[in-house]
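Over in TrEMBL, the protein carries these features:
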type	residues	note
DOMAIN	A:59-179	domain 'ABC3 transporter permease C-terminal'
TRANSMEM	A:17-35	transmembrane segment
TRANSMEM	A:55-82	transmembrane segment
TRANSMEM	A:103-128	transmembrane segment
TRANSMEM	A:148-172	transmembrane segment
TRANSMEM	A:204-222	transmembrane segment
TRANSMEM	A:228-255	transmembrane segment
TRANSMEM	A:283-304	transmembrane segment
TRANSMEM	A:480-502	transmembrane segment
TRANSMEM	A:533-555	transmembrane segment
TRANSMEM	A:567-588	transmembrane segment
Amino acid sequence: MLTKLSLAGIKNRFKDYLVLLTGLIISAAVFYMFANLATNREFVKSNTQISMASQVFIFGMILLILITIVYIAYANSFLLSMRQHDYGLFMMLGAKKNRIGELVFIETLLIGVISTIVGIVLGIGMSMGLSQILFNQLGLTVHHFNALYWPAIVTTICLYVGLFLLSGIFNLTKLVRTPVLKLLHIDDEVYLPKRRPLVQLTEIVAGILLLAIGYVAMAKIMTLQLLAVPLALVTITLGSYLLFSAVIVGAVELLKQTNFANKKLHNFTLAQIMFRVRSYTRILTIVSLLFALALGAISVGAGFQRQAPQMAKSTSAYTMAINDMDKKEHNLVSQLNDTHTLTYSQKIVGNTVYYNEQEFVDHPLPMLDSRQALNDGSLKTLPIAQFKKVALNDMDFTGLVPKNGQQKSEFATQSDFENLNTATTHTVTIIRLNNVLAQRKILDRLEKLQQQRFPAPTMATVGGFQTYKMFNALFSGLEFMGFFLGFAFLAMLASCLMFKILSGANKDVVRYNMLNRIGTRRVLMKQAVRGEILTLFALPGILGIVDVLFGLQVFKPLMYHPNAMTGWSILIFCVLYGVYYGITTLIYERLVIPKEQMNA
Amino acid sequence: MQKTPVVSVSGLHKTYGRKNEQQYEALKGIDFTIDEGEFVGIMGASGSGKTTLLNLLSTLDTPTSGSVEVNGQDITGFKGKALSDFRSEEIGFIFQDFNLLESLTAKENIALPLSLQGVKKAEISKAVKEVATTLSIENLLSKYPTELSGGQKQRVAAARAIVHRPAIIMGDEPTGALDSKSARDLLDLMTDINKNQHVSVLLVTHDPFSASFCDRILFIQDGQIGQELKKADNNRQTFYQEILNQLGTFEQ
Ligand SMILES: Nc1ncnc2c1ncn2[C@@H]1O[C@H](COP(=O)(O)OP(=O)(O)OP(=O)(O)O)[C@@H](O)[C@H]1O
Ligand SMILES: [Mg+2]
């Protein structure tokens with residue numbers, strides 16, 4: 001009988017359950033996607049020649065597990081808030097507490113198991129899709145990646161089912177321990193905001209100070225070394241928390257004084273935000289941090305990847321050198337846009353390659369301004385006397401020899417060069433282009449042709465293209481992980497926020513019902529919902545973006561422009577975050593805004 | 001002096017349930033009018049259709065047939081904006097419970113109908129202060145509903161119901177959740193508002209004591225108006241006795 005009643009309760013709130021299940025399924029899918037990378041040692045090893053990578057993954061995994069715990073806690077409180085009134089009623093009607101406990105436990109676990117299984121299936125699908133997109137669109141090369149990976153499945157199941165077991169036990173004890181009357185009236189408890197200007201002021205000052213310390217710590221990572229990261233994490237977390245609680249209360253109070261507050265439902269919206277500040281500050285802090293981490297992961301990954309073409313420019317004065325260009329190669333070269341080409345003659349006597357000095361006077365071979373790391377790739381041309389000295393020790397020049405053995409390079413005057421008695425005169429053509437990335441397919445074919453004709457013991461060709469390919473392979477893995485991590489974090493944090501917001505809907509049903517009765521237009525109620533939720537989404541988003549802009553300074557020693565890709569990632573992020581906002585408002589509106597008339 | 005009716009109801013029917021479901025006719029043809037400045041009570045046994053009637057009068061629900069006119073306007077066809085604007089301009093509500101928004105102070109709660117109508121801040125302040133003085137709740141204005149007693153909450157609710165000078169105040173058992181002292185205070189207050197501000201009042205109740213404050217009482221029985229009692233020149237005590245007698249005849 002009780003089971004039937006309980007099932008009837010679920011049927012009544014089927015849409016709410018759908019929300020809950022969908023959220024949990026997405027969370028499980030995201031976790032699976034991440035676990036798929038993190039538990040795949042082969043993948044991590046083969047895609048990152050950096051020893052730090054596996055640590056980054058363990059760190060990411062711990063973070064994701066923490067988020068998952070918070071997430072499931074919120075989802076569970078959403079579930080409990082839906083059910084406690086029903087179960088309180090059953091108990092008041094005389095149902096045994098143990099029986100109720102049993103039912104709640106089974107319900108929680110069942111929801112957990114269903115969402116985990118469906119989530120994993122979805123996760124496999126999403127892994128396939130996302131990796132296809134990344135491989136095809138970004139030209140990434142990634143090895144040892146399988147969408148379906150058993151260890152990841154096992155990890156996901158263990159974590160989720162474990163957490164739902166815990167939630168089930170929690171719900172059971174909570175329902176059994178809480179007095180029935182309290183269960184029935186649990187929604188009535190309210191929090192009254194107290195006005196304490198002095199405390200608020202202190203909070204603001206302390207918050208800004210702590211944030212500043214955190215940001216400086218990240219900017220000074222070179223001097224602070226490893227200490228910077230934990231220091232920044234602690235200070236930024238605390239700072240965000242203090243700032244949120246003070247600024248929201250302060251801003252709402254200021255707005256309440258103005259004419260704005262008296263218009264439409266503004267006062268109501270402000271009061272709603274104020275009322276929820278305390279319970280929201282914690283989640284807003286977490287969300288802003290996760291937002292920063294996610295955005296940071298994507299920006300860094302993408303930044304490194306985008307750095308490959310720049311590296312190509314900064315490590316060599318030219319993109320590729322082609323020996324004895326033939327007709328096929330000539331055709332390919334003429335297809336390249338925005339190129340500079342220079343051709344020099346070579347004569348080979350024994351083990352020495354001779355160059356005509358005059359050709360370098362007429363068409364000087366540019367050299368890199370500087371060979372330091374992170375140079376900007378700018379070029380210089382030297383007077384011939386100096387050039388001859390420097391060139392013989394410069395890789396860009398010595399690498400121009402045909403690649404069939406170790407050869408020495410020498411300069412000869414025009415007449416000496418002409419007098420050298422060799423059967424053939426070779427040529428070497430240097431191409432330099434600005435946009436390596438866009439024309440990489442042609443360059444690839446050129447390189448293949450050269451490799452066939454001049455098999456080299458070590459490197460295929462000289463020049464920036466070869467560096468580009470090396471770094472591209474190295475950074476592809478990083479970018480892939482950055483995107484994965486970033487989207488995993490984003491999906492989780494946005495769902496966290498969504499659930500936190502949705503679990504408050506029950507209380508709002510009464511409020512909006514009352515507003516409807518006294519004649520509030522639906523448009524106004526919708527605006528109120530949108531405004532309130534927008535505030536809750538926007539605040540952590542903005543702070544998260546600020547965190548990232550400062551946080552990326554950490555990578556200054558490693559990257560040309562740590563912020564180069566931030567604009568794009570912020571855009572992508574805002575779009576995705578916006579989608580979450582839209583979904584949340586839609587669901588919320590459906591949950592709380594009543595029909596204008598009964599039976600309408 | 002010929003009074004113009006504020007509310008006039010004719011041939012009102014309400015049937016619950018869809019065509020192919022089980023149907024129940026809660027109102028079976030109701031006709032009556034409420035004059036300007038009248039205090040009318042509606043009484044009847046539980047399930048007789050009181051709340052149903054009030055919901056139709058306040059546009060919370062739509063009648064199956066019949067018409068309801070408020071200030072000469074037929075309100076049964078109202079939709080969307082017209083509907084909510086009608087509610088916020090012409091009607092003042094006092095419910096049995098969930099009257100106030102607990103996230104707003106008393107003052108903000110009272111101001112709500114005016115904010116909805118886009119009244120200026122200064123005017124709102126003035127109007128709120130005025131009603132607060134009339135209802136002697138000036139010292140409660142900055143408090144939140146959780147800091148108020150049940151009776152105080154209903155006073156605030158009454159203030160909100162009249163602050164925008166509606167055509168009529170409607171109450172569905174507004175004293176239902178109050179102790180007898182607070183209930184009496186609220187009824188005195190409503191009488192006061194009715195007499196001094198000339199606002200019509202429609203009070204749904206099944207409590208004879210509450211009903212004795214009315215000028216006229218309509219008894220609903222099985223979805224129809226069965227009896228009508230007028231206070232006329234009786235004092236409240238006699239009227240109360242009359243109501244008890246009337247109720248007694250129903251029970252036989
Ligand atoms: N939404 C509904 N659907 C179907 N039947 C309804 C609905 N609302 C009310 N009824 C029925 O209509 C009849 C009148 O209900 P109403 O709520 O108007 O009674 P009431 O006079 O207010 O009673 P009470 O004094 O108990 O509040 C009742 O028989 C009730 O069962
Ligand atoms: Mg009723």
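Just so you know, glycine gets a Cβ as well, placed from its N, Cα and C.
Curation plays no part in TrEMBL annotations; they are all automatic predictions.
With a cut-off of 8 Å on Cβ pairs spaced 6 or more residues apart, the transmembrane segment (A:148-172) and the transmembrane segment (A:533-555) reach fewer than 3 such pairs and are scored as not touching. Contact check: the transmembrane segment (A:55-82) against the transmembrane segment (A:567-588) gives fewer than three Cβ pairs closer than 8 Å, residues 6 or more apart, which falls short of the contact criterion. By the Cβ criterion (under 8 Å, sequence separation of 6 or more), the transmembrane segment (A:480-502) is in contact with the transmembrane segment (A:567-588), since 3+ such pairs are found. Between the transmembrane segment (A:103-128) and the transmembrane segment (A:17-35), the number of CB pairs under 8 angstroms, six or more residues apart, is three or more, so the stretches are in contact. For the transmembrane segment (A:533-555), the list of distant contacts is 214-215, 218-219, 221, 228-229, 232, 236, 240, 243-244, 248, 273, 276, 280, 284-285, 287-292, 295-296, 299-300, 303, 497, 501, 562-563, 566, 570, 574, 577, 580-581, 584-585, 588: same-chain residues at least six beyond its ends, Cβ to Cβ under 8 Å. Within its own chain, the transmembrane segment (A:283-304) is flanked in space by residues 60, 63, 67, 70, 74, 236-237, 240-241, 244, 475, 478-483, 485-490, 492-493, 496-497, 500, 536, 539-541, 543-545, 547-548, 551-552, 555, 558-559, 561-566, 568-570, 572-573, 577, which lie at least six positions past its ends and keep a Cβ under 8 Å from the stretch.
Within the chain carrying the transmembrane segment (A:17-35), a Cβ under 8 angstroms from the stretch's Cβ atoms is held by residues 10, 60-61, 64, 68, 71-72, 75, 78-79, 82, 111-112, 114-116, 118-120, 122-124, 126-127, 130, 151-153, 155-156, 159-160, 484-485, 487-488, 491-492, 495, 498-499, 502, 587, all 6 or more beyond its ends.
Mapped onto DSSP classes, the domain 'ABC3 transporter permease C-terminal' (A:59-179) shows 104 helix, 0 strand, 17 coil. Summed and averaged per residue, pLDDT over the domain 'ABC3 transporter permease C-terminal' (A:59-179) gives 81.
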